[in-house]
Amino acid sequence: MNSVSLHAGAQTTTPGTNIDMHISSQGPAADTAEPAIPVLEIFGPTVQGEGMVIGRKTMFVRTAGCDYRCSWCDSAFTWDGSGAGEIRQLSADAVWEELVRTGGSRFSHVTLSGGNPALLRGLGPLVRLLREKGIRTAVETQGSRWQDWLREIDEVTVSPKPPSSGMETDFAKLDFLLGQLGQGGVSLKVVVFDERDFAFATGIHRRYPAVPFYLQAGNDDVRTADDDLLRQQLLRKYEWLVDLTMATDELNDVRVLPQLHALLWGNKRGV
């Protein structure tokens, strides 16, 4: 691997105490000896809005907890304590039962979301259960933690965080994770807010040229309830990112994406 300087600033270490307490104190789920899964939301079917599975009809299982504190996070309730009262400790069977109650027979794909699902060793039984049921799976993680169950996921999106996030990528961990996954069913995605982020993304693609790569325009306002205004902002940012990508010869084989779910539904949860 080429050595590149891609530091994104110092990582904030102040935890969302309530969420971290729920994660660190995982015991067995009520109906099984398996490690419990701290679940915040199960919803769908909907369309996947990001990365290699964009546009895919899917169900979402959103877990609690994250080891990052991104400045622009659109799901901060998974780690900042505000969603602590919504966490349910569920077994793999209980998650499956709720998926079926919610989605019926209208799904064949499940996305594990967060937070950072790769914090959770206890997702392994769920991943295997979904495979037994004939359900394809996807997950997105920043690449900071390894779990063996990641090898059993059909579509793994690894999303290192750029300078605007305030986080710093540990490239030793990222190298290890990508090496463990190989090149089947894995992709890289970087969300881009500004030119520093774009330079970071270019460096990521240069470091891992064989891994399919996606650029995604960032959402600058994760709190507004004005969907029309947000849509205009997102499309302007997407056009800016497309123009920037077209002007460079280092990103000739990448895909440039909008945030599809934000274009459709703004900042709403559960869609």
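The backbone N, Cα and C atoms fix where each Cβ goes, and this holds for glycine too.
Contacts of Val47 (substrate binding site) defined by a Cβ separation under 8 A and a same-chain sequence distance of 6+ are given as Gly55, Arg56, Lys57, Thr58, Leu260, His261, Leu264, in order along the sequence. Positions annotated as substrate binding site by TrEMBL: Val47, Gln48, Gly49, Arg62, Ser113.
Within the same chain, the residues at least 6 positions away from Cys70 ([4Fe-4S] cluster binding site) whose Cβ sits under 8 Å from its Cβ are Lys161, Ser165, Gly166, Met167, listed in sequence order. Taken from TrEMBL, the feature [4Fe-4S] cluster binding site covers Cys66, Cys70, Cys73.
For Lys161 (S-adenosyl-L-methionine binding site), the count of additional Cβ atoms within 10 Å of its Cβ stands at 25 [all protein chains shown]. Look at TrEMBL and you will find Trp72, Cys73, Asp74, Gly115, Ser159, Pro160, Lys161 tagged as S-adenosyl-L-methionine binding site.
Annotation note: Ser75 (Mg(2+) binding site) sits in a coil segment as assigned by DSSP. According to TrEMBL, the feature Mg(2+) binding site maps to Ser75.
Per TrEMBL, compositional bias 'Polar residues' is recorded for 1-27.
According to TrEMBL, the feature domain 'Radical SAM core' maps to 53-267.
The feature region 'Disordered' is assigned by TrEMBL to 1-30.
If you take the Cα of Gln48 (substrate binding site) and the Cα of Pro160 (S-adenosyl-L-methionine binding site), they are about 19 angstrom apart, rounded to a whole number. The binding-site residues Trp72, Asp74, Ser159 include none with a CA atom within 10 A of the CA of Arg62 (substrate binding site).
Site extent for substrate: the farthest pair of Cα atoms among Val47, Gln48, Gly49, Arg62, Ser113 sits 15 Å apart.
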